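Asks: Pulled the feature table from TrEMBL, pasting it below:
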TRANSMEM  42-57  transmembrane segment
TRANSMEM  69-91  transmembrane segment
TRANSMEM  123-141  transmembrane segment
TRANSMEM  153-175  transmembrane segment
TRANSMEM  182-198  transmembrane segment
DOMAIN    188-346  domain 'O-antigen ligase-related'
TRANSMEM  204-222  transmembrane segment
TRANSMEM  229-246  transmembrane segment
TRANSMEM  334-356  transmembrane segment
TRANSMEM  363-382  transmembrane segment
TRANSMEM  388-409  transmembrane segment
């Protein structure tokens, strides 16, 4: 009997230490991800490996129906990668991409563990607060010390910009609901905005606007919404007028888009090649190539190969084949995984978004985190496919989703129980 008590005590200590280690990893996760290579991926994999040990002695309640449905949709999206790759011929390239895609499956044990760690969301948000300082310092170093034209971090403006925008949105939500931290949250919010501005990422700019408006609409009374929207608009106009890199990037995008559309209407085929025109051509090509394999797509990673064939035939411009993906997550899902893959992709992101919004009344705080997280990534995905095919973004999407969704489900259930 004494041995049994000692064994149980040892197991309980191990469980407690496992929970503490996970909290520490969640705190560290957002802090250095934009500055150090493989930071996001390393912590995600570490949490996954720890979650496997939790499967031996499962804790907590059984999964609720809404949780099972979310995990089904994520698993279905992973399955479309397997099916599409097998249909189009599995190669070394698919094996390499499997290292990223398997994360969609790995989230299952991670979710099962995190839903029982009630402080997961709070530790992640503490890390977000620290991350605001880091991304601002990184952006300042890149632009004002290294003399780069834009903040790039350890990867590119298309990571540091959107991630800083997500940090800003999370800080604004905390500022709205956590009154005792307002003196600290406001300067941290400004620091995150500073990083977004210096990134020059147009997708981050647009995503930030959408996320801020969602926070305003979902958390304020009717008259307060109008005032807050006006403040946001005035603030955006002020930033556009005073921050050179923001004005330059926005003006450049507007000019390129208008020039492309005018040339398309006039039938001018000699238009200047720009990043914006190339993106439009990529999307148009993807619409044509979709009909080559409408059900399961052409396969993950086969975009450039298919595009080169079209370019050789003179159907598209040669620069369209210079990229590994079409710079739009929705188009990428449609082309690489077909109609089946696009449906699975939309279910994976729209179902949790619907759940967050439809159940926001009993738990507005957690609903806002989940809503802005998914909505932000959806907007970022309009001009970039990396959000759901690159390891860093996939790790961010899945880990944040697991924490926010399980936290919100628990809050909704507890609110209804009372």
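Cβ atoms here come from the backbone N, Cα and C positions, even for glycine.
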Asks: Using a Cβ cut-off of under 8 Å, list the residues of the same chain at least 6 residues beyond the transmembrane segment (204-222) that approach it.
Replies: 157-158, 161-162, 164-166, 168-169, 172-173, 176-177, 193, 196, 228-229, 232, 236, 246, 249-250, 357, 360, 364, 367-368, 371-372, 375-377, 379-380, 382
Asks: Counting only residues 6+ away from its ends, which parts of the chain sit with a Cβ under 8 Å from the transmembrane segment (69-91)?
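Replies: Counting only partners 6 or more residues beyond its ends, the transmembrane segment (69-91) has Cβ contacts under 8 Å with 63, 97-98, 101-102, 104-105, 107-108, 111, 293, 296-300, 302, 336-338, 340-341, 344-345, 347-348, 351-352, 355, 398, 405.
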Asks: Under 8 Å for C-beta pairs, could you tell me which stretch among 42-57, 123-141, 153-175, 334-356 has the largest tally with the transmembrane segment (388-409)?
Replies: 334-356
Asks: Which sequence positions outside the transmembrane segment (123-141), separated from its termini by at least 6 residues, show Cβ-Cβ distances below 8 Å to it?
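Replies: For the transmembrane segment (123-141), the far contacts come to 23-24, 26-35, 151, 153, 160, 163-164, 167-168, 170-171, 174, 184-185, 188-189, 191-192, 194-195, 198-199, 400, 403.
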Asks: Within the domain 'O-antigen ligase-related' (188-346) only, compute the mean pLDDT.
Replies: 81
